[in-house]
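According to TrEMBL:
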DOMAIN    7-327  domain 'FAD/NAD(P)-binding'
DISULFID  C44-C49  disulfide bond
BINDING   K53, G116, D314  FAD binding site
BINDING   G182, G183, G184, Y185, V186, G187, L188, E189, E205, G273  NAD(+) binding site
DOMAIN    348-453  domain 'Pyridine nucleotide-disulphide oxidoreductase dimerisation'
ACT_SITE  H446  active site, proton acceptor
Amino acid sequence: MSKPQHYDFLILGSGESGKYLAWTMAKAGHRVAVVERRWVGGSCPNIACLPSKNVIYSGHVASLFRRGQEFGLAAGPVSVDMAAVRARKRKMVDELIAVHRKNYADSGAELIMGEGRFVAPRTIEVQLQQGGTRLLSGERVYLNLGTRAAIPDVPGLRQSSPLTHVEALELDHVPEHLIVLGGGYVGLEFAQPMRRFGSRVTVVEHGPQLAGREDPDVARLLLRRFADEGIDVVLNARPVKVEGRSGDSVRFQVHTATGERIIEGSDILVAAGRTPNTQAIGLDAAGVNLDERGYVQVNERLETSAPGVWAMGDCAGSPQFTHVAFDDFRVVRDNLAGGDRTTRDRLVPYGMFTDPELGRVGLNEVAAQRAGIAYRVARTPMAAVLRTRTLSETGGFLKALVAVDSDRLLGFTALGASGGEVIAVVQTAMLAGLPYTALRDTIFAHPTIAEGLTVLFANAPVAPTAAVQ
Ligand SMILES: Cc1cc2nc3c(=O)[nH]c(=O)nc-3n(C[C@H](O)[C@H](O)[C@H](O)COP(=O)(O)OP(=O)(O)OC[C@H]3O[C@@H](n4cnc5c(N)ncnc54)[C@H](O)[C@@H]3O)c2cc1C
Ligand SMILES: NC(=O)c1ccc[n+]([C@@H]2O[C@H](COP(=O)([O-])OP(=O)(O)OC[C@H]3O[C@@H](n4cnc5c(N)ncnc54)[C@H](O)[C@@H]3O)[C@@H](O)[C@H]2O)c1
């Protein structure tokens, strides 16, 4: 083996955690290299969070266009130009990539475009994008490998060349009939805008409800809203087989509680969870152990089984959100500076960018019941939050869980206009250890969605009389 080029920090994958670590350490004067095979800045700005929210917003505008008369606007027939939707998304992504490249240049961190593979402990061979190879070693090595769409083992599915979120974000036409496999985050965030662009959409979910980790009242409302928009949802569906080719025509056979069902569509989108990018990159040669699902095994300081090697973000089994990957960076950064920061007991908020939008922080009812934690519930319909009247977006509700033996906030769910924003208020109160009464008695600006918290908490939360249905 030729002699590797040595770095103080060698980072495999330029995702959320890796890029911030690279920029921070390079600015502090360290010699830093980041190896990235495709996406400058990782998934979030290129193929995940930000482009999907960009396209979702175009879908929202399409829905407002259709509702134009309701707002006193005489709208003609709506036509959707998917190539223009894509162009707007691409422009945003290009601008974000430029910002990333500038951050690399300004910080002095070296970005090496190519596929990395371990050939020895803390030593990576890179198949360079422009051809050739480079051998690199690191005093400290960080894995920020991310995940990719999992393709369930359904006969014919892989052969049908299904869309994943990557290809779905690059469509230049509206699919005639999109079948979405999976009713979780990705499935729901794609199903609704595609419907709003004019596609027929069928969501096939093998669980008993949409958004499986959420309370049934959240799932029911989303189901009703999807039905109102003309999205067909098949629950408790066991995929049997797929025939045909996505982009042309597909025939999807599913087994449901009421018997076999054939769904004929033009395209199929796989949104059924994630697979970590940890295979065939020599992690065994590096002494890095994986767990039974293929994620890198780490302790709460994100140290792997190999000395001098850390893992961060999705590939380390952290909750799969960009804000969590960012916090993984902060854990590593602070410990490098001599701190003692861990991933334990993090208060992780969630936002699902459906319409109505879902925001959640802390416990919901199913999680509290599963953990055997007693709680009281405060609940108010979004229609009682006056701002929603001004928007004609009155669907949804606010729901808070409060301890039984104190006024401590246990969790908060907002399903409705700005649901992903208003949770930040409750999250901050939870972090500060404030009782719910502090929010009840705060003067919030009128008319804002946050003002709804005073409405929500105006009446003392009550203990649930029965398990949530
Ligand atoms: C459609 C979609 C929408 C999402 N929306 C949101 C959202 O709104 N909010 C939110 O918080 N989260 C969202 N997520 C989740 C979020 O995108 C991920 O949790 C986050 O991007 C994970 O960041 P990461 O740094 O762990 O990995 P990534 O950003 O995936 O970075 C890993 C990088 O490593 C590179 N890589 C992998 N292997 C190698 C190798 N061998 N050599 C070189 N490079 C390699 C990959 O190319 C990639 O760029 C969404 C996910 C999807 C799929
Ligand atoms: N707004 C956001 O923050 C956001 C958006 C998109 C993705 N994400 C992250 O990415 C992760 C992955 O998203 P996802 O939607 O792929 O996964 P997910 O776990 O959220 O949902 C997958 C869904 O597919 C279903 N499913 C799995 N296999 C199936 C099969 N064979 N047949 C039918 N249904 C099947 C599951 O029951 C589940 O409901 C999310 O969990 C989340 O962490 C976040």
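The backbone N, Cα and C atoms fix where each Cβ goes, glycine too.
What TrEMBL says about a protein is an automatic prediction, not a curated fact.
Counting neighbouring Cβ atoms within 10 Å of each of the binding-site residues (G116, G182, G184), the lowest count belongs to G184. Each residue in V180, V203, L210, A211, A271, A272 lies on the same chain as G182, G183, G184, Y185, V186, G187, L188, E189, E205, G273 and has a C-beta within 8 Å of the C-beta centroid of that NAD(+) site, without being one of the site residues.
Ligand 1 lies within reach of C44, C49, G116, V186, D314 from the recorded positions C44, C49, G116, V186, D314, H446, judged by a C-beta closer than 6 angstroms to any of its atoms. Mapped onto DSSP helix, strand and coil, the domain 'Pyridine nucleotide-disulphide oxidoreductase dimerisation' (348-453) counts 35 helix, 32 strand, 39 coil. With a cut-off of under 6 Å between the Cβ and any atom of ligand 2, the recorded positions C44, K53, G182, E205, D314 reduce to G182, E205. Cα separation, G184 (NAD(+) binding site) to D314 (FAD binding site), rounded: 17 Å.
Looking at C44 (disulfide bond) and L188 (NAD(+) binding site), their Cα atoms lie 18 Å from each other. For V186 (NAD(+) binding site), the same-chain residues that are 6 or more apart in sequence and have a Cβ closer than 8 Å to its Cβ are S52, A149, H165, A271. L188 (NAD(+) binding site) and K53 (FAD binding site) are 12 Å apart (CA-CA, integer value).
Ranking the recorded positions K53, H446 by how many other Cβ atoms lie within 10 angstroms of each Cβ puts H446 at the bottom.
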